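Engineer: The structure that follows is given in the form of structure tokens.
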Amino acid sequence: ARIECDCGSIENPCCYATTCKLRPGSQCAEGM
């Protein structure tokens, strides 16, 4: 399963808000 990021939150610790891409080695949206 591929995890996509929301490009809305700049404070998102797992995604780059500027590029809307997941940061390397980050696990988000698991159990949310």
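Start at 1 and count along the chain as shown; that gives each residue its number.
Quick reminder: no glycine exception, Cβ is built from N, Cα and C everywhere.
Pulled from Swiss-Prot, these are the listed features:
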DISULFID  C5-C14  disulfide bond
DISULFID  C7-C15  disulfide bond
Engineer: Enter the number of other CB atoms within 10 angstroms of the CB of C14 (disulfide bond).
Structural biologist: 15
Engineer: Return the count of C-beta atoms lying within 10 angstroms of the C-beta of C15 (disulfide bond), excluding that atom itself.
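Structural biologist: If we count other Cβ atoms within 10 Å of C15 (disulfide bond), we arrive at 22.
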